[in-house]
Amino acid sequence: MEAHQHSPDSSSEECTVLEAPPGKNACPQHAGKVADLYCSACEVALCEDCVLEHEEHPKVALSQALEQHRISLQERLGSVNNRLPQISDALSFVKEILQQLTNQRASIEEDIQSSFEDLHKQLDVRKSVLLMELEVTYGLKQKVLQAQVDSLVRGEGDITATCTQTEEALAGEACVASLQVEQELQERLGELVGLGLPCQPEENDQLDLVMETDGLRKSIHNLGTIVTTSAVASQSEAMGAGLEQCVVGHPASVTIVTRDKSGGACKSGNAILSAEVFTPDGSIVDGEIVDHKNGTYEFVYIVPKEGNFSLALRLYDQHIKGSPFKLTVTRLSPTGAKRRGKSPGQKKKGSKRASSALGTPRRKTQNPIEDDLIFRIGTKGRNKGEFTNLQGVAASSNGRILIADSNNQCVQIFSNEGEFKSRFGVRGRSPGQLQRPTGVAVHPSGDIIIADYDNKWVSIFSCEGKFKAKLGSGRLMGPKGVSVDENGHVIVVDNKACTVFIFQLTGKLITKFGSRGNGDKQFAGSPHFAAVNKNNEIIVTDFHNHSVKVFTPEGELVLKFGSNGEGNGQFNAPTGVAVDINGNIIVADWGNSRIQVFDGSGSFLSYINTSADPLYGPQGLALTSDGHVVVADSGNHCFKVYRYLQ
């Protein structure tokens, strides 16, 4: 067959179809060919030479395929772009954790340095004391022995000199002239024969050092531990009947299992867990978290109200799997049937009762005090004058009301008239930051003292909100309430440890008392707040024991009053407490949503009428400088100021 020859300038139809101009649709397999089809099976562009190889494959026009690819690519781009805010939030959060880790490292480094510097100082002091004791002891013994040596040397010298004189006299010729001298020598020798010299040692040479260093060396070898876990909230989980329901007034428990990023079970304790039982309006109940030191924890709580609640379990401030959990709290009769309880805010009217022999005059105390609410401040939120789970309350002598705004990690300050003045606090776990402020008090110096439940220490700020120091770090497990006694000492109620600590403002521990149990010096569980009366006695609310206890500064029980119930003088989990100038004790009755007033001997006087605007889970309370009661109405996210009889 003869080949056809074409001239370079040929313009035949065959050439114009097969030759591809240098464009964007050139076939990638055949040079000079135009791709106008697309193989859907192989996902490649096809020219007419490629078609035979893809004859049985589904094909569409290239323009249609390109449009579909663009649409798919745009959708994928949108999906990926939608991840950017999530990644940005995650990046910010991880950076925040990293910064907190760095800050915590710096804080611990500072603690290590100061602790060992303090130990060095104590060792140097002890060294100086021992050296001084050595010198004093040596000096006393040396003085006795040196005096004995001096006496013996003098006696020896006298005897030697007299003997020498006598020998010289005997060596000479006996005559009348020597008779007088010999008589004097004879008398002197007679004295020396009977001379009493201390020939037996009057002291000994014992100077020994007993230095028991083995135990100290072992203690030093094991001194201090860097505590951490690899637990993460996204993998950790909870189990147990307490996740879904519980019975009013009965303990319920939940087991938390911590896991690392790969889902492996953590084997050590000390993770930072928090747990709250709350209504849709805010936090209501704190429970107790027990660390089993094996990576598992138990949260035990008691709810004194029936209704629908939520249970939030957080690990390092992040919800664990499934948190928050929906919780149903029921009230059971003795036969096990549900009994309808009173709603929050309903108050049982005070009834007349006989006056105690130790009580103060009752005046109008048997009946409710009318029109007690003066004003309320706050709604739920994060702005000035807004609160989320406010807890502790304090009042200063210069007319200020201080509120520990727990879930907003700050303290807000108002005038006695409710005018907002200032706020301070930065969320975090480093010194000077607040993680969960629950208690607040004002020191006579003007400093503001804040109990930080989750950071496990008490922070000291100036009246302007500038951080000054922290105390109790390494000792406290869950400080809830704080107060100040007449000596300026800081009283700390450790909710988790069931212990009351007394510190100097410098951080030095003076004493502590209390433990878990039912004894006189013990708390049945979760003591909350404290106040100090004019006798410098410490008044503590024992939440789960439904009572108030009064102690001496040394921890001796002076008085206990209250029992579980809704009647006058009874409690359903007491929280805040304050003392007025007459020694009357004002108590926030959390579960009964009311405020009761007692005399100094614990006899019921009255309750404050809150029926017009009912309380819901009152927490801390205090007495303002103008003689009113201010209370943190936690469930209603506000604080209220009431008048009451004094």
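From the backbone N, Cα and C atoms, a Cβ is placed for every residue, glycine too.
A TrEMBL annotation is a machine prediction, not a hand-curated record.
Annotation comment: TrEMBL describes 91-118 as coiled coil. Marked as compositional bias 'Basic residues' by TrEMBL: 337-352. Annotation comment: TrEMBL describes 22-62 as domain 'B box-type'. Feature annotation from TrEMBL assigns region 'Disordered' to 331-373. If you look up TrEMBL, you'll see 228-329 marked as repeat 'Filamin'. If you look up TrEMBL, you'll see 374-417, 421-464, 465-506, 510-554, 558-601, 602-645 marked as repeat 'NHL'.
With DSSP classes pooled into helix, strand and coil, the tally for the repeat 'NHL' (374-417) is 3 helix, 24 strand, 17 coil.
Per-class residue totals from DSSP over the repeat 'NHL' (558-601), listed helix then strand then coil: 0 helix, 22 strand, 22 coil. Model confidence over the repeat 'NHL' (374-417) is summarised by a mean pLDDT of 94. Ranking 374-417, 510-554, 558-601, 602-645 by CB pairs under 8 A with the repeat 'Filamin' (228-329) puts 602-645 at the top. Mapped onto DSSP classes, the repeat 'NHL' (602-645) shows 3 helix, 21 strand, 20 coil. Ranked by Cβ pairs under 8 Å to the repeat 'NHL' (510-554), the stretches 374-417, 421-464, 602-645 are led by 602-645. For the repeat 'NHL' (465-506), the list of distant contacts is 111, 286, 288-289, 391-392, 411, 422-425, 431-432, 438-445, 447-453, 456-459, 512-517, 522-523, 525-532, 536, 538, 540, 551, 553, 555, 620: same-chain residues at least six beyond its ends, Cβ to Cβ under 8 Å. When Cβ-Cβ distances below 8 Å are used as the criterion, the repeat 'NHL' (374-417) is approached by residues 278, 281-283, 423-428, 433-442, 446, 448, 450-451, 453, 461, 465, 480-482, 529, 576, 613, 619-626, 628, 630-634, 636-643 of the same chain, each at least six residues removed from its ends.
Helix, strand and coil counts under DSSP for the repeat 'NHL' (465-506) come to 0 helix, 21 strand, 21 coil. When the domain 'B box-type' (22-62) is classified with DSSP, helix, strand and coil residues number 8 helix, 11 strand, 22 coil.
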